[in-house]
Amino acid sequence: MNDDFMMAMVGAAQIQDRDLAKKKKKKKRGRNVGEDLNKGDEVKELPGLQGQQRQQQENKKSKKEKEKKGPNSLRNAIKNSNNKGESLTAAQRKANELWFRKANYGEILFRGYYRGQSKGIIVCAEAAGGAEVSSSIGGLSKKDKKRRRKREEGEFNDFMDCLKTPLPITFRIRSTISSSLKATLTATLSHSIHLRPVPFDPSGLIFQCSNDINKASISKRGDKHGSPVAAFLRKGLEEGTLARQELVSMFPVLALKVENGDSCLDLCASPGSKTMQLLEFASSGGLVVANDIHPGRVSALRDAIVGRSGLLPSTLSRLVIGCHDGSKFPKPKGGGFDKVLTDVPCSGDGTIRKDGSILPRWNPSISNGLHAIQVEIGWRGLELLKVGGVMAYSTCTFNPIEDEAVVQELVRRGGGAVEIIDWPSDVLPGLKKRAGRVKWRVADHVEGSSDNDDDEVKIRWHDDGFETARRSGMAGVVRSLWPLDGGGNEKFGLEKCCRFLPQDQNTGGFFVALLRKNGKVGEKEAETVVGEAAGGEKTFVPIDNRSLQRISGMDWKVSLDEVRKRLWVTSQDKGEVMLCPRRLWEMYAGEITKVGEVEEGKGEGVLNAQHVGVKVLERKEGSLEYKIVGEEACKLEGLL
């Protein structure tokens, strides 16, 4: 063969190979359009849908490359800084948080954490017959394993799907209004197609809105079409006949069963919806102390309850608002409170349906870090509770680290003086509750170690316990995060705690535990030393007999004897006269000051109050005489 013939044969073979390769590629594309294409293919070679899909894939690759060169380079720099033990700048922290949200790491961690938690935290732990299911699938047949995994996956998906739907708005008719007005309001609300009574509430006073009514549409600005329902609800809120409150938020106060004359403490009261509930139930002779740690939230709390709630002066006269760290709230000298509510600060993942900012920021370290302060606030609540009294511990999170783990530690510390009690059978009898758990898992999260790591963040479980977690460098690690060794918590009755999941009754997520104090807690019951404000002057003091005689001579529309029975106090700096519960003075020895008037480290045991009772008199300008404030104060019918 000559050289020309050989070259021709080689050329023909190359053409055949190329044609065969093209046919294979075409066949492959026809068989499965969704399969990955060869890197050498050009988008312009692909017609129609194939070209669009290839273009999308190329765009994704390009986006990933840009991320590696752009914000991700800063993320890698942050990782390297962390590995070297360097402190992050404010800009780096902000970039880190921004990247965390943009990359959807919050939801990735949330899914991984709750999907991997012990049975009963999210995925149901009961079989059809009610028997508890073991967390192990060993011993099951292949078919049963598959069936069980499918059921659990379906339930978890229902949970996640529900979290992505809007939370219905809920209203309740206030219990303080007259029976006739309750009947009128109930009848009016029941006839609306946009509202329905909550089926498990036998009182018929709680209503849930349909999805077309939301927070914006109720406001005057948002009600663009003049909805009669929105106008009716706005009027009820302004007049104080209705209260807007999330459904699960009502549960702890209802479970406390506050009775006429009870003294109640709301340790972490802001924004105030539960405080208003307590006020409605405390009735005549009762006392409600609402507390929050932050002066700004205390001010907002006062405005919400005193300024905008529409509650009558007779109800507000039982209210005191304080500003303290809940874990250091001053102990009363004259006996404890009948009921204490500790709705502690929490990670709040039970409110994802109404707060879209929580899921993108979620990570397990938030709960781990909050656990210790939640224990201290809960313990202080028990110290402030009288023997025989009941405390409700509640959170709006699904996380057992903030729920059962805290309750376990409170009962353990109590040493037999604290017990978990059942949810009252006559309170919302049709309510679906899931039992508290005796087993749970502890975790934090770690980041991918390199650019090639497919999982930028992942859950790191600490099933080996405290010591192993501590050695691994886990932040916020304390022993009480874990269930007691050897099932030591099974005798505590943690199953009496109540978990509320959103998919069960179209609500938010919530947790409630009721704790009864059967004896003194701690080494000893420390007696409160009631101090004075800085400078030695008390702000609120009972008025003297001479002033009381002058007040008694005013034009009250009740007898003078009734006027004298009530406790009158004066705010010395403003010349105001307030009516407040006498029981407050008995508990705190009559020495109360205003927010900000106690220097740090001084006046331990002083009750810092921004609001005491209800104002009935104020001093006339340029005079020592007083004038009656408002028609309600003049009548004093409900105040005495």
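A Cβ is built for glycine as well, from the same backbone N, Cα and C atoms used for every other residue.
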**Fill in**
Checking TrEMBL, the member of Asp262, Asp292, Asp303 that binds S-adenosyl-L-methionine with Asp325, Asp343 is Asp292
**Prompt:** What other residues of the same chain, not counting Asp292, Asp325, Asp343, have a CB atom within 8 A of the CB centroid of the S-adenosyl-L-methionine site?
**Reply:** Leu267, Cys268, Ala269, Ser270, Asn291, Ile293, His324, Gly326, Val344, Pro345, Ile377
**Asked** Between Cys396 (active site, nucleophile) and Asp343 (S-adenosyl-L-methionine binding site), how far is it from one CA atom to the other, in Å?
**Response** 8
**Complete:** Checking the binding-site residues Asp292, Asp325, Asp343 for other Cβ atoms within 10 Å of each Cβ, the smallest tally belongs to Asp325
